[in-house]
Amino acid sequence: DFFKAADPIEKPGAPVKLKVVDTTKTSITLSWTKPSYDGGSAITSYAIEKREGDEEEWSVVSARGEVRTTEYVISQLQPGFNYYFRVAAINYAGQGEPIEMTEPVQAKDILEEPEIDLDVALKTSIVAKAGQDVQIMIPFKGRPPPTVVWRKGDKNLSVDERYTIQNTESSTLLSIPQVTRNDTGKYTLTIENGVGKAKTSFVNVKVLDTPSACQRLHLKNVSRGTVTLVWEPPLINGGSEVTNYVIEKRDATKRAWSSVTAKCSNTSFKLTDLSEKIPYFFRVLAENENGLGEPCETLEPVKAAEVPGPVRDLTMKDSTKTSVTLQWTKPEFDGGSIISEYVIEKRLKDETEWSYAGISKACEFQVEKLKELSIMDFKVSAKNEKGRSDGVTIGPITVKDYVITPEADLSDIPGGQITVRIGHNVHLELPYKGKPIPTMSWLKDNMPLKESELVRFKKTENKITLSIKNVKKENGGKYTLILDNVVHRKSFPFTVITLGPPSKPKGPIKLDEIKADSMVLSWNPPEDDGGGEITGYSVEKRETSQTNWKMICSSVTRTTFKVPNLVKDVEYQFRIRAENRYGVSPPLNSVEVIAKHQFKPPGSPGKPVVYNITADGMTISWDAPLYDGGAEITGYHVEKKERNSILWQKVNISSISSREYRITGLMDGLDYQFRVYAENSAGISPASDPSKLHLAVSPVDPPGTPDYIDVTRETITLKWT
């Protein structure tokens, strides 16, 4: 036979540096360093065992060969329980001596302030070309995992379907598809988890694109054959400097644009050699290194002439049996000289020739001495020192007394809503019309509104004014203007929304968890958000023996908060305020509460098992409750009941410390069943499930050894004692 010479193999030494590296409320993560002595054989795995509190027996946590690294997560633990752990190394010779924890550890969540990875955040400035997809990934940490809010300006990006936000427990990813120049700007990331202050980081995104449209294009110095255009640069330059402007013109009767100049470095340009008879549109395009931007066009066609442009907004203001009153707005262009007067002409509907009706220095004129029920056309021209403008006509108009339904112009109230900060003023000027001239009245929330020192309203010939000074919360609501001219009555509603601090959070403050060193508070959002999104809550505390309040956290984003670092047996009071962009609410105060552990009675013990039965006694045993109520079990109580009785009788006088008990004094031949209660410092548990019924009877001795006394072909006869 052949034999291999080799060093003897022994069991390895104990691992070293056993420690807890992480905990949650249901798990504990251990780490250790491999033994300094491996016994002459490679370490193949580790064995991990645990024991609870004061128990002496160890239970195996890991399967043999399962743990091959020097870190392991023990799961399915109970929060608040004390645990001990030990780890032993295994090689080919077997399992070595373990290293054992000397102090117990509990499974509990670790609180950690939120932190943003500054190495990434401070370097995050993104440049992208238009049409590309942009992704912004920011790592962070914090326990519990922080909530994440992305904003651009005041806009919360989570409510915009254009943006995709993907969050994990340690990072956030903002995705912007096919960026345009409008995506340029500063993006703000805020994380918060109720521990410490919220953290904020900024990311600058620059999109390389063509410029946006120029601003405020208008005409200046219109004269015969020349026009000067003036404009302002684009609000968004597309990520690079605007180097040039392109000016184009278009005959108002055609669709095609023609280039005037492709090289203009200023924000004004004089066009010459224009036809005085052709109306033109003009447009300007900004240019950068990425190309031409969006055009900015004039709204109305313009003639390069010295006479004024046409009057605007010609309307009939009033009509009687013998007159028609016209009104208009002065021309946009005066032709380079002051408009001296307006010429008004008239004609019957079937006539082709215009006749002189009068001149006016103002933008209004009453044509008189007309025949009742005649159907007329009217024309108005502006005149300066060079001549008259093109006429603007209106008609046909029937000369008669007109009844005009009352109308109020609420175009300055977009969406029928006015928002105003509390403490500011409201001043509305509403143009109106109606014939006969209507009377005015006001309602607020469908009740008559009366004037006061702070609320005023008045009516002039063509305008109604409503003023509210030093707006308060109660000034918000539905306002209705009623115009009544006997023939018609019309209502014009709108809503005033007051913006201010929210109301206090909705109580009461609930104390969800009370411990000697911490408490968990919860509450409901305010019933009134003040017209703005609730941005956070502040939590304060005070010892009831003192009057001063101390801020715990001023940036809580959820309606629950764990208050740490309390002093055992000290009585506290807490208060919470809600906050929006307009201010802070009044406080919601809690009841006064003492920082101490809050124990509960334990759960029911296990169902009793009966054994060792005699004619006058039985022994029972049972399992401890699965839930001890947070406090040590101090003892047990046992009750008995006969089969035909409905009443349970207490067996023991003093508390039973063990989980086994002998009941004596039973009646021979009766059936009994038993149940058990557990007790801790908070009280007594519900009863356990009752045991099975058992008969109180002395056990029968076993018979003697049998012996046969007769044997036949088919039978055997036995006897015994």
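Each position is counted from 1, following the chain as shown.
Cβ coordinates are placed from backbone N, Cα and C, and glycine is handled just like the others.
The domain 'Fibronectin type-III' feature in TrEMBL is assigned to 14-110, 213-307, 310-402, 501-598, 604-699. According to TrEMBL, the feature domain 'Ig-like' maps to 114-206, 406-493.
Here the domain 'Ig-like' (114-206) sits against the domain 'Fibronectin type-III' (501-598); at least 3 CB pairs are under 8 Å, leaving out pairs fewer than 6 apart in sequence. Each residue in the domain 'Ig-like' (406-493) gets a DSSP state, and the totals come to 6 helix, 50 strand, 32 coil. Note: the domain 'Fibronectin type-III' (213-307) comprises 0 helix, 54 strand, 41 coil (DSSP; helix = H, G, I, strand = E, B). Here the domain 'Fibronectin type-III' (310-402) is broken down by DSSP into helix, strand and coil counts: 0 helix, 51 strand, 42 coil.
Across the domain 'Ig-like' (114-206), DSSP helix (H, G, I), strand (E, B) and coil residues number 10 helix, 52 strand, 31 coil.
Per-residue pLDDT, averaged over the domain 'Fibronectin type-III' (501-598), rounds to 92.
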